[in-house]
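Reading through the structure tokens given below for one structure.
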Amino acid sequence: LTGVLDDCLCDIESIDDFNTFKIFPKIQKLQERDYFRYYKVNLKRPCPFWADDGHCSIKDCHVEPCPESKIPVGIKAGSSNKYSKAANNSKELEDCEQASKLGAVNSTLSNQSKEAFIDWARYDDSQDHFCELDDERSPDAQYVDLLLNPERYTGYKGPSAWRVWNSIYEENCFKPRSVYRPLNPLAPSRGGLGSVCLFSWTGLCLEKRVFYKLISGLHASINLHLCANYLLEETWGKPRWGPNVKEFTHRFDPIETKGEGPRRLKNLYFLYLIELRALSKVAPYFERSVVDLYTGNGHEDAESKALLLDIFRDTKSFHMHFDEKSMFAGDKKGAKSLKEEFRLHFKNISRIMDCVGCDKCRLWGKLQTQGLGTALKILFSEKEIQSLPENSPSKGFQLTRQEIVALVNAFGR
């Protein structure tokens, strides 16, 4: 790919250089740190839209949850958040209280501030959320070590996978220009071969074009990871994973996709720009001394925050950011209605991720969807972020540890 992306003043070569030499090495290091490698997810939530067709039985679809003993104490205790006066009466209780801090609390806060922070963390303004969030207190929610459960091709495909993406594009996406998509593999007459032109781009406003590009970019991102980390052969129980050029060509070659492949890849660059913009916008939230990346290991926590702030400085230095102010800029009533439609569409897509039959695909689908949802939440909360108090939590804008982990890992993907 070369040249300028649609709907923004940015060229592909500039993104490639910026990512390769500045961002990627640092984001890769950040993903390896304890704060960002453990993600709590419920992989047993039922599909809300159709009868579950059973979970994938392929062994590579399995996700290995993390044993309690392996989870850093500061992360594991993050959901209990109990502070009692009795905690000051003995060293053991004090240690327990220390371990029970929420993911972003500084130990120098007063008890009053701590209590306020806990209350505010529970505060759920549905207008801010673009995703259906897992209930972390559910007994079915488990911590997963993302480094030990990498995103890769597991063999999950066919009607079940097709139905998930078809539901996203057909029922929850604004209709874009002429796009060729694979036919239903269940269709009896053609046996799943060929493709069909589904949509027309005519009359679609910027916001709806952006929405479609984000979903297409997310789809391209996931497909690229599957092509890059493909099960090439399995002999005597020793699988060999690696890049599958044939599969990549099948999904992205201009001839095989009737010109659609390069568009899909361009939409991945567009997705990158949106998440990059969100990182540059959310920097003030993390620059405050009140926010720690708390795991219980003071030295590692300080290093993780320093690395994150270094990445933020890089994101701010990028000179061709997407201008989100161009969105929802019409009359106030129409813009508000469109923004709400945008949010609800995306929230529905996050719910569809519970219909993915392969656990590993579901894990990474949920994480990347939540990461993008968090990016959108940031971009639509600029005023709240700018008015954050320096030394105390704010009710106006909050990020949970789950949202932070999802945002960084989605951008890393």
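Along the chain as shown, the residues are counted starting at 1.
Each residue, glycine too, has its Cβ placed from N, Cα and C.
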Cysteine of CYS227, CYS361 paired with CYS358 via disulfide, per TrEMBL: CYS361
How many Å separate the Cα atoms of THR154 (FAD binding site) and CYS61 (disulfide bond)? 6
Farthest-apart CA atoms of ARG152, THR154, TRP165, SER216, HIS219, ARG251, residues recorded for FAD, distance in Å: 21
Let me make sure I understand the structure: which of the disulfide-bonded residues listed (CYS61, CYS358, CYS361) has the fewest other Cβ atoms within 10 A of its Cβ? CYS61
Measuring CA to CA, name the entry from the binding-site residues ARG152, TRP165, SER216, HIS219 that ends up nearest CYS361 (disulfide bond). ARG152
Binding-site residues compared (THR154, SER216) - highest count of Cβ atoms within 10 Å: SER216
Run through the Cβ atoms and count how many others sit within 10 Å of the one on HIS219 (FAD binding site). 18
Where CYS61 (disulfide bond) and SER216 (FAD binding site) are concerned, what is their Cα separation in Å, rounded? 23
